[in-house]
Each structure stands twice: as structure tokens, then as C-alpha cells.
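Presented below is the structure to which this report refers.
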Amino acid sequence: MAALAYNLGKREINHYFSVRSAKVLALVAVLLLAACHLASRRYRGNDSCEYLLSSGRFLGEKVWQPHSCMMHKYKISEAKTCLVDKHIAFIGDSRIRQLFYSFVKIINPQFKEEGNKHENIPFEDKAASVKVDFLWHPEVNGSMKQCIKVWTEDSVLKPHVIVAGAATWSIKIHNGSEEALAQYKMNITSIAPLLEKLAKTSDVYWVLQDPVYEDLLSENRKMITNEKIDAYNEAAVSILNSSTRTSKSNVKMFSVSKLIAQETIMESLDGLHLPESSRETSAMILMNVYCNKVVKPVDGSCCQPRPPLTLIQKLAACFFTLSIIGYFIFYVIHRNAHRKNKPCTDLESGEEKKNIINTPVSSLEILLQSFCKLGLIMAYFYMCDRANLFMKENKFYTHSSFFIPIIYILVLGVFYNENTKETKVLNREQTDEWKGWMQLVILIYHISGASTFLPVYMHIRVLVAAYLFQTGYGHFSYFWIKGDFGIHRVCQVLFRLNFLVVVLCIVMDRPYQFYYFVPLVTVWFMVIYVTLALWPQITQKKANGNFFWYLGLLLKLGLLLLCIWFLAYSQGAFEKIFSLWPLSKCFELEGSVYEWWFRWRLDRYVVFHGVLFAFIYLALQRRQILSEGKGEPLFSNKISNFLLFVSVVSFLTYSIWASSCKNKAECNELHPSVSVVQIVAFILIRNIPGYARSIYSSFFAWFGKISLELFICQYHIWLAADTRGILVLIPGNPTLNIIVSTFIFVCVAHEISQITTDLAQVVIPKDNPSLFRRLACTIAFFGGVLILSSIQDKSRL
């Protein structure tokens, strides 16, 4: 009864809401969100530096999130690279001195806070040619004015960056009097033109005063109240912002420290000075403001302009624009032709006569329609991760942000279960289900930033290995059973795997190796194909006639294993192979193939394990040792129970080991050899009981059919900044933002999967002469792209 109600309910839902309806809704949502963000940027401004300097919130303890953009955490080498031959000056009171110390410690963590506090403090890194000075001027007075005036008159002494601020001493010395505030306004007014003049050629920041924790203030500081601080800040802002009447002031207000202090001042030791973690955050913000445009970190979107379009991107834009125009012209012509062929009414009988000519969908129409849709989708990709239209945020990991969504999807997956069409081991529905739930877990892992939690990282590594295991299992099974080593099959698989990634490499200006998983499965597919296609070609049909063919296949697999082992422990040989042009253009990342070697080596044996498992399974199946009937256990009851017990123990043992990992490098070294234990254990647990083989989760299987597209699309339209951050379509509401962005992301992935399938039917013909002509055109196309890419790379140097 429950099953009947479920099926009726599902039909009712599908009647009113289909995948097509979902995609239309997603398109409307994208257009509305794009319009809202565009209007917001027109109204509030498009400068993310202003947001970085003025707004933000804490994601968690000590993790600051600027409004609308991502903040990069600078390493020592990056800071020195940015500040080479630069002079930075901090001028002000003890709070500015604290900021100076935190800034210098980014460059040199060993720098100590020592010496007389009420005097100038110099810092110089001669090797990096970086000079940072603190100048003790606790009040805005004639002394500070004279110092600033010298900089305006002497270009040699003038710093590249000036960070200034003072007020608490004026409040303290004059006991918070109104006369002191009036004098402060006069002094600020007198130095404002000088700061504005400096700001034309240098970066000038005025640091607004942070609030105090009045309960902790000593008796001689009790007059420094938050009310007084607000009055002094208001005076500084109004005067400095009005120092130029013709345009916006070039002196930047560093007001974000106030927000940071509001959350952390309770941790202060004296109620006046901020704790070290807060100072470090403010110093890192300063570093981002000045250095992001120089270093251009991927995970630092604040203060970075939109990257200029490359020649290849411009050509791609022209191609997609022409495709869209071409499709609309084709559509108008086709519609007019359809109107002419409308059913007409017979004058005698009054009945409609239907046109018996049914025009088939042409290859040209499929091509134009597919590229039209793909062009619009790529425009969305570009808007999300290149055009700075939508906002981005940093990831922040908590256990709840990872495990609660996992529980949600598991409940949904269990709820949507159906009977399988067949009950064989790793049948199609089951492998789709396996891919689906693994992909959903990996997506949650990426968006939650769970890679920082080692036990989760190690289990996710097994899921990635399981994908590669399926690659070995699936491709070996196909070639072994069907013996189809034709070029058509190879082209189909390569097109299915690589089409989206190649388009993204062109549109998003990213190297092929950036989407590391696709090169990985592509290379392993070719390795399996070459291993089995080379003479002698051994298939199941041939091996059944002579047992020695089995030995021949095992010899081939043994040689493959030997090659894998050699390349895994010979980094030099591996890098020489993949550093050859044009392979280097495909497998290099930032001028090195090390990343490719690391990725390949991390799961080097699991594809071989998949091939070996498929060989053993098919051999057992051929000899009818397995019982794969509906509801039947895979083996006899005793053997099945024993294998189930061993599998459960092995599965849990691996999880306990992975959860107890302390060192990522050591665990990664063991992972290639031991990941197969949990994979095979899972397969046996899932397939030995007959009832488990007979059902599958249609929810997970649906996602499994588009798992490749989900994995690739997440880089730019769900995550952001090339997976380093999170895309923000709806600011201020993280839960609603995730729901909306996920909905659009899944719809896009599904549509791209359909586009790839449609194009594969047209682009890859079954007759060899046509196929070879297409291959020649493809080679010429990639040759042109590689040449243009090489020219672009040289122009960037």
C-alpha cells in the first residue's frame, strides 16, 4: 500500500513538475539574480576594496569574512614578493604600533615586540628589499603634520603605503573635553590636504578608532569612552571625505577594524588594546588591499579586477554568439515552413487533413541548438567565476556543516528506492547509485571545506579511488566481453569524458590539468585500451576456447603493473614523458607536471585493482560459481555469511585506521595499497545478500548519471574562485543561498549532460571514413588552440 501511494505521488509530482520545468525556473532565477546583483553594484559601487576595508563578519573564531569577496592568507614568500622595493610607514599611537607589529610579522614571524614603546621603530628586510617603519605620533598635531609634509616635498622619502591614525591620547590627555575634540577637528582639517596629495601617488589609509571595553580600563583611561571614540571617528570621516570637493577622496578609511574589535575587545587585557588574533586579521586585510592586485591569489578575490579576455576567449565568445544567432535564424525559418504545412480543412467533409510529411531533426539543427544552449550556460559560468558579478566567500569547516547534509541526503536516498531491472553484481542501476551518493558526499566535502579534517579527507580519498576502480572495472568488462577495439568506441568515450572540460579550458582560461580528475580517467582509459588492444588481442570469447589465453591476459596485466610500479617510484622518468610537447600543455600546472605526478601516484593501483576484480568476477560468472538470481545470496549461505563478516570487519578496520591518521603525507603513502580493501568490502556487503542486489536508490542513481558533469561544474558555478571559495547568489542568508545555487547548479549539470549526448551522436559518426575526417578536423582545431595558447603564454611573461 505504501509503495502504491509512493508511486502515485511520484507520478503526480512528475505531472506538474518535470526536469524541463525545473530548468526553466533555474533560468528565470539566474536572470533575476543577475539583474539584482548588477543593480546592486551600480548603486553601491563595484570596488570590492571598499567592502574589504569597511564590512564583514566572523565565520567562526578568528576567521574573518569580508562582505562579497574572499580574503587570502599571505605566506612569508608571497608578502616579500609583493612588497619588494617598497617602503611602508605606520604613523600614530600605540594601537597603530600594534598593527605595525602584526604587519611586520607577516613578513618576518620572528620579529619581536621589544624596545621603548614611545619612539620610532624601524624594520628592514635587506634580502627582500622591504622597509617598514613605525613613527610615534600619538596625537594629530603639528608634529604629525610636519612628518607628513616632509613626505609631500621629498619623493625619495615618501612611502609607498601610509597607515595613520590617532585619537585616544587626545581624549586621555585632555580628559575627554569638548575643546580637545574641536582642536582634533582643526588638526585633521590641516593635514587632510597633505594626505590627499600623498594619496595621489601612494596608498594612504586612515585607521578609525576601535571601541574600548570600558570595564577593563584603568583609572587613568576611564575618560576614553566609546561615545568619545565615536565622536572622534565621525569627525575624521567627515573631514577626510570632504577634503576634495571635485571627486571622491583618495584617502581610504580603514573602518573594518571597528567591526573586528566589537567582537573581540572583551578578550583585551587592558580594555584598550586588541588581542593578537584581531590585530593579525587587520594586518592581513591591509596586506590583501595592497597585494592582491600584485600577487593575484586565486583565493583572494578582494581588490582584484576582472581578468582581461584572452584571444582564445574572444574567439570562443564570437563562436557562441554566431551559434545563438544561427539557431534563431534556423528556428524562424523552420517555424515559417511549419506554418505553411499546417493541417488544412477539407471543404466537403469539414475534417482536418494532416500533413503526412514529417521532417526529421537535422544534424545542423542539433548542432546549432546544442551550441546555443551551451553558449548561454558558458556565459553563466563566466559571470559566476570571472566577471565579478556575483559574490564569493571563503569556506569555513565545522563538523555540523559536513555531517548534517550527509544525514539529509542519506535519508532522501533511502526513501527513494526501487527494484533493479537485473540482479547481477554491480549492475547498471547499482553503479549509477554508487556514483551518485559518492558524488553528493564529495560535493558536500568540497563546499564545507572538510579537507582540513584528516579523517574525512582520508575517507573521501577512498571515494575518489572508487570512481577510478569503476573506470578499470567498466572499461575492462566492455572490451573483454564485446571485443570492440574500434576507433568509434574510443572517440565516444574520449568525447564524453573531455568535451565539457575542453570547453571550460577555453572559456575560463584554465589548463587541462586544472580539472585533474578528467585527465586522470582519460589516461587510465587509454592505458586499459592500449593494454588490451595491443597484440595479441585477448577477449572472453577467445579465452573460452583455450585456457592459455587467460595466462596471456594475466601476463599483460603483470607487465602493466610493473610499468605502474616503475613510474610511481621514478619521478624523473614520469616527468620526462609528460614534459614533452604537446603533452606538457595538457599535464602541466603552473609550469610543472608535479601536480599531475602527485595525483596519478595517489591512486596508482586502484584502476588495476578494478581490472583484476572484473577479470575474477567475469571468470566466476562464466563458470556459474555465482548465484545472481533475484533474492539469492551470491554464494552458499556459509560462504556468504563468512565473506560478509570479513567484509564488515575489513570495512570498519579501514575506517578506524583512516580516522586515527595523524600525518597526511604518511597516510597518502599507504592509501594506494590499502584503499582497495574498503572498496571491495563495500562491493561484497552491497552484493552478497540477494535482497540488497535487488533494490537501488533512484535518488542517488539520478545524480550518478550526471556525476561527471556535477564534479566539473562545481568548480565555477557552485564553488567559486576555482573551488577555493563559495559562490554567493543570495547574500546574508547562507542556507537559502546554498539551496538556490545548488538547484541552478544541478539543472545546469543535467543540461550539459544532455548537450554532450546530443553532440556525440552528430560529431562522432559510425562510418570510419567520416569519423577519420572529423578526427583530422579535431586535431587541426587542437593544434590551432595549442599554438594560440603558446603565444598567449609568451605574452604573459
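In case you wondered, yes, glycine gets a Cβ from its N, Cα and C as well.
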Shared topological domain relative to the membrane, Asp484 and Ala720, Swiss-Prot: no
Asn141, Asn175 - the residue Swiss-Prot records as N-linked glycosylation site: Asn175
Cβ neighbour count within 10 Å of Asn187 (N-linked glycosylation site): 19
Within-chain partners of the transmembrane segment (314-334) [C-beta distance under 8 Å, separation at least 6 from its ends]: 364-365, 368-369, 371-372, 374-376, 378-379, 506-507, 788
In contact by Cβ distance (the transmembrane segment (19-39), the transmembrane segment (514-534); 3 or more pairs under 8 Å): no
Cα-proximity to His273 (active site), 10 Å cut-off, over glycosylation sites Asn46, Asn175, Asn187: none
Euclidean distance between Cα atoms of Asn187 (N-linked glycosylation site) and Asn46 (N-linked glycosylation site), Å: 33
Rounded to the nearest Å - Cα separation of Asn187 (N-linked glycosylation site) and Asp270 (active site): 28
The topological domain 'Cytoplasmic' (747-770) - residue tally per DSSP class, helix then strand then coil: 20 helix, 0 strand, 4 coil
Rounded distance in angstrom between the Cα atoms of Ser94 (active site, acyl-ester intermediate) and Asp270 (active site): 13
Rounded mean pLDDT for the residues that make up the topological domain 'Cytoplasmic' (335-363): 53
Other C-beta atoms that fall within 10 angstroms of the C-beta of Asp270 (active site): 11
